[in-house]
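The next block holds one structure in the form of structure tokens; read it before the comments.
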């Protein structure tokens, strides 16, 4: 059916003394009944967190939370005993299941020199699970070697047909990431629902295989939501980093 583009400046904003957070969907005090989700994706927040700041312990349940750090570092601790630091090139997932408390802060981490000393830029995405009442769990995996090739990396998926770095409890959702060199092209998988977010840099992609002139240009902070779309070819600009969800299920279907 095509694409809807959400420009960076059209997102809602939460700004406090310690956080700048841009929301692709309704979130917190920002509610738009026409923009609550896309497919199974219910949150995609781009956040900037200064040193010695962050979220204290707070509660989540029934959500698959994937965190992607673009620069800086983010320390995670939760009530199930998991603790770790997320850095660029490392994929992290927390399955909230029937309930978990966790904190996320831009603090120093032992054995990681320089951590907690600069603003952390990250994207946090929430997907609804297709099974409820699960036990909370946590996973993280380094995908920096795969990213360095410039190819599309399967970061998170619940689809057994995909060999993803980390698993999520939604068989219809897959997250891809890439840092393609300027001028290079990659093919993005189509699906019933897709969500392409440009973390840094710029890209353009063809939306019509029969007309190479039919392209969409996206800059940092822009997103493109597809519905019932096929594969598309993306061309990278300078310093491009992207996150691409391909989903074949939607909120309310599980």
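Here, residue 1 is simply the first one shown, and the rest follow in order.
Positions of Cβ are set from backbone N, Cα and C atoms, glycine also.
Taken from TrEMBL, the feature Fe cation binding site applies to 58, 60, 102, 104. As annotated by TrEMBL, compositional bias 'Basic and acidic residues' applies to 99-108. Taken from TrEMBL, the feature domain 'Pirin N-terminal' covers 11-127. The feature region 'Disordered' is assigned by TrEMBL to 96-115.
For the binding-site residues shown (58, 60, 102), fewest C-beta neighbours within 10 angstroms: 58. Within 10 Å of the C-beta of residue 104 (Fe cation binding site) we count 25 further C-beta atoms, all protein chains included.
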